[in-house]
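Database features, via Swiss-Prot:
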type: DISULFID; residues: 41-115; note: disulfide bond
type: DOMAIN; residues: 20-117; note: domain 'Ig-like'
type: REGION; residues: 20-44; note: region 'Framework-1'
type: REGION; residues: 45-52; note: region 'Complementarity-determining-1'
type: REGION; residues: 53-69; note: region 'Framework-2'
type: REGION; residues: 70-77; note: region 'Complementarity-determining-2'
type: REGION; residues: 78-115; note: region 'Framework-3'
type: SIGNAL; residues: 1-19; note: signal peptide
């Protein structure tokens, strides 16, 4: 059977008292098992390197699952144990963008993926 599924990526936005903080993610993608996906999260409205970026996901009918965190200041990362070896988080400070790459995709990776400050 040819398994495919949708991996959805939404826009996360928050409003501060004096400026609008926005995290704008790349669009929905459809991937096959074994493939990889790289999601972008472009930040604006604040100093990118002053905060870390977390990645979470929500599978259908499930709660939020924390995937990991990256420091936008120095690139230090902390990944969920269950994703170790399959996930890589990076940042590009020149464009205030964070990236999350997930490899060797499986059916249970079907989820809505979010970045958050």
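Glycine too: its Cβ is placed from the backbone N, Cα and C atoms.
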Across the domain 'Ig-like' (20-117), DSSP yields 9 helix, 52 strand, 37 coil
If you average per-residue pLDDT over the region 'Framework-2' (53-69), what number do you get?
97
Provide the number of Cβ atoms within 10 Å of the Cβ of residue 115 (disulfide bond), excluding the reference atom itself.
27
Inside 10 Å of the Cβ of residue 41 (disulfide bond), count up the other Cβ atoms and send me the figure.
25
